[in-house]
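These come from Swiss-Prot:
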- 1-181: domain 'KARI N-terminal Rossmann' (DOMAIN)
- Tyr25, Gly26, Ser27, Gln28, Arg48, Ser52, Asp82, Glu83, Ile84, Gln85, Gly133: NADP(+) binding site (BINDING)
- His107: active site (ACT_SITE)
- 182-327: domain 'KARI C-terminal knotted' (DOMAIN)
- Asp190, Glu194: Mg(2+) 1 binding site (BINDING)
- Asp190, Glu226, Glu230: Mg(2+) 2 binding site (BINDING)
- Ser251: substrate binding site (BINDING)
Amino acid sequence: MTTVYYDQSVTKDALQGKKVAIIGYGSQGHAHAQNLKDNGYDVIIGIRPGCSFDKAKDDGFEVYPVDEAAKQADVIMVLLPDEIQGQVYKEEIEPNLEANNALVFAHGFNIHFGVIQPPENVDVFLVAPKGPGHLVRRTFAEGSAVPALFAVEQDPSGEARDLALSYAKGIGATRAGVLETSFKEETETDLFGEQAVLCGGTTKLVQSGFETLVEAGYQPEIAYFEVLHEMKLIVDLMYEGGMENMRYSISNTAEFGDYVSGPRIITPDVKDNMKAVLDDIQKGNFSDRFIKDNQNNFEEFHKLREEQHGHQIEAVGRELRDMMPFIKSKSIEK
């Protein structure tokens with residue numbers, strides 16, 4: 001069992017007296033910046049001109065272009081989309097790094113796959129909250145927190161680990177617990193979870209179930225309720241108490257069907273396909289494909305997105321959600 005670090009575990013405040021630059025002021029950026037500021041740390045924001053620039057100023061921060069923020073800071077947290085981090089780092093951050101600066105990430109993609117290669121005299125570590133930015137901020141304000149992972153990749157200063165834990169405590173994560181990992185483990189497991197289960201696996205499972213019912217002559221609206229709408233109810237039960245809690249909470253009919261039909265859907269072949277997905281991630285095949293498509297203006301990405309937008313389940317869902325005012329609809333119109 002891995003060690004979990006809590007507030008009382010972090011006795012040295014290695015972040016005190018250092019200037020922290022948060023690069024990016026999106027979902028994670030605003031949460032990290034505001035939590036650190038509320039805990040008394042010296043925080044500046046580095047972003048390009050735009051709406052986020054104005055928002056950060058309105059929130060009371062000193063806001064600078066990325067290169068100037070990097071030049072001023074001792075600790076630089078990069079909270080930009082994966083696909084633009086490499087260019088921003090090369091053009092605006094790297095020229096302004098000094099020995100014993102700390103370069104920090106919330107996801108290991110660009111370090112692990114070599115897109116960003118920091119100089120050897122710079123600390124490199126990761127602090128990755130396991131939740132979206134709005135939840136990181138809201139739970140902090142309520143006195144609780146979202147758990148996080150941390151990892152150290154380079155430690156020329158000898159204090160990267162202390163800095164990582166101090167940063168995690170600064171954003172509130174040690175209230176809930178912080179687990180140590182590596183850039184390799186965080187990156188590969190995160191990508192696998194997204195592709196095989198949370199996003200890719202779940203969406204294809206739901207779509208296939210919907211299509212099976214509709215093709216068999218059932219009403220699309222009924223199919224939507226059975227395979228998508230009720231998904232949240234089941235996931236919430238697992239989230240709150242694991243699979244045992246879910247099975248305890250459903251009917252005996254549903255539980256029996258779980259046992260006898262689940263293995264018919266998720267067969268050994270499906271697990272073999274999952275292993276192939278993991279292998280692609282580990283070998284860098286997925287990252288190469290993503291990076292090359294980014295360099296090609298995301299031609300494949302945009303094509304795939306457009307194909308999925310037109311699926312019948314989306315149109316049916318938009319109509320049904322209009323019937324349920326208790327759902328805060330977030331339909332994406334194009």
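Every residue, even glycine, has its Cβ placed from backbone N, Cα and C.
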By the DSSP assignment reduced to helix, strand and coil, which category contains Arg48 (NADP(+) binding site)? coil
Secondary structure at Ile84 (NADP(+) binding site) (DSSP, helix/strand/coil)? helix
DSSP-derived helix, strand and coil totals, residue by residue, for the domain 'KARI C-terminal knotted' (182-327): 123 helix, 0 strand, 23 coil
Name the one residue among His107, Asp190, Glu226, Ser251 whose Cα is closest in three-dimensional space to that of Arg48 (NADP(+) binding site); these are the recorded positions. His107
Record-listed NADP(+) binders Tyr25, Gly26, Ser27, Gln28, Arg48, Ser52, Asp82, Glu83, Ile84, Gln85, Gly133 have a maximum CA to CA distance, in Å, of 20
Count of other CB atoms lying within 10 Å of the CB belonging to Gly133 (NADP(+) binding site): 20
Under a three-state reading of DSSP, tell me whether Ser27 (NADP(+) binding site) is helix, strand or coil. helix
Densest Cβ environment (other Cβ within 10 Å) across the binding-site residues Ser27, Ser251 belongs to Ser27
For Asp82 (NADP(+) binding site) and Ser251 (substrate binding site), what Cα-Cα distance in Å is obtained after rounding to a whole number? 43
Neighbourhood of Glu194 (Mg(2+) 1 binding site) by C-beta distance under 8 A, where only residues 6 or more apart in the same chain count: Gly200
To the nearest whole angstrom, what is the C-alpha distance linking Ser251 (substrate binding site) and Glu230 (Mg(2+) 2 binding site)? 14
Residue pair Ser27 (NADP(+) binding site), Glu226 (Mg(2+) 2 binding site) - Cα distance, angstrom, rounded: 32
Tyr25, Ile84, His107, Gly133, Glu226, Glu230 screened against Asp190 (Mg(2+) 1 binding site), Cα within 10 Å - retained recorded positions: His107
When each of the binding-site residues Asp82, Asp190, Glu226, Glu230 is scored by other CB atoms within 10 A, the minimum falls on Glu230
